[in-house]
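Features of the protein shown, as given by Swiss-Prot:
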DOMAIN    4-185  domain 'UmuC'
BINDING   Asp8, Asp103  Mg(2+) binding site
SITE      Tyr13  site 'Substrate discrimination'
ACT_SITE  Glu104  active site
Amino acid sequence: MRKIIHVDMDCFYAAIEMRDNPRLRDIPLAIGGSADRRGVISTANYPARRYGVRSAMATATALRLCPHLTLLPGRMEVYKSTSRQIREIFSRYTSLIEPLSLDEAYLDVTDSPHCNGSATRIAEEIRRTIADELNLTASAGIAPIKFLAKVASELNKPNGQYVITPEQVDDFLLALPLEKIPGVGKVTAKRLEERGLHTCADVRVYALADLLKAFGKFGRVLWERCQGIDDRQISPDRQRKSVGVEKTLAQDIHNWDQCENLIEQLYQELEVRLKRVKPDLHIARQGVKLKFDDFQQTTQEHVWPMLNKQDLLKLAQQTWQERRKSRGVRLVGLHVTLLDPQIERQLVFDWG
């Protein structure tokens, strides 16, 4: 049985700013772009979250919720440097580290000799070391499989950890609400509820064929997760190839203005997600996806060197006009393809 730890730093960017400027600690604080430039929030500290301020929220909305919010533009080089320090701490315990972003990673400590092989104690030691050496807090989840480790890391935030032992997996899953499973958003959760599916226990007695019919490939993933199946390995050399966001609509849309408004919202979330893995926003391509009311879908991409909202809007409108054919649209998505690391290094060499 594997021993997987998911480590998630607590409001990482904001925590670094509070560490470096203690006067910021007890006031609502967010990192993001300015409201007059249609900026978006990257992260917020816990005092700001009490006012409803969240990541991927428009800065203007955040300031309406919390007029006395302190807004900082962020220091990406500092965040990247700190992330490297955190990864070095991880490497003291295992070489099997899979970074998900600057502030989040999976660790496989199955064969680690540290702490007499106790994943719980390794997680405690890692969190304590991060606090002692970097003056930052981290939360952790410990479980035999990846997705449960990620779920567990959310259960005792901030500055805590939660353990799901192999013996506890089945009971934990039976009671787990489906919206807690990564990949189950609000619309999917509602569609599941309409079928009487609220927890993993409900899915276990539901026909796999019906899940596949209703949810496609994700139906199988959902069924497997509810059975406690997640065979994904920790991939230390894994290079993220793309970043995307999409939204399944409760009701189909039929006019471009509705689609344009949705893309404006999705773009803000895409920008936040991309900054976590590629702070300079350099990319290889960006694209749009539309899924129609007959469940057919289309994707169009455009070679572009940097995330660009106007280009995405133009591409989306072209896709809408050329491929919709009067059909309703039930899903809108945006995505970027990242530069191959070898190509990116060559560009730096050629032009640096």
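Heads up, the Cβ atoms here are built off N, Cα and C, so glycines get one too.
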- From the Cα of the residue listed as 'active site' across to the Cα of Tyr13 (site 'Substrate discrimination'), what is the distance in angstrom? 12
- Task: Sort out the sequence-distant neighbours of the residue listed as 'active site' for me: same chain, 6+ apart, CB within less than 8 Å of its CB, listed by position.
- Result: His6, Val7, Asp8, Met9
- Query: What three-state secondary structure does DSSP assign to the residue listed as 'active site'?
  - Reply: strand
- Mind looking up the mean pLDDT for the domain 'UmuC' (4-185) in the predicted model? 94
- Item | Residues satisfying Cβ distance under 8 Å from Asp103 (Mg(2+) binding site), sequence separation of at least 6 | Asp8, Met9, Phe12, Tyr13, Ser83, Arg276
- Item | All-chain count of other Cβ atoms within 10 Å of Tyr13 (site 'Substrate discrimination') | 28
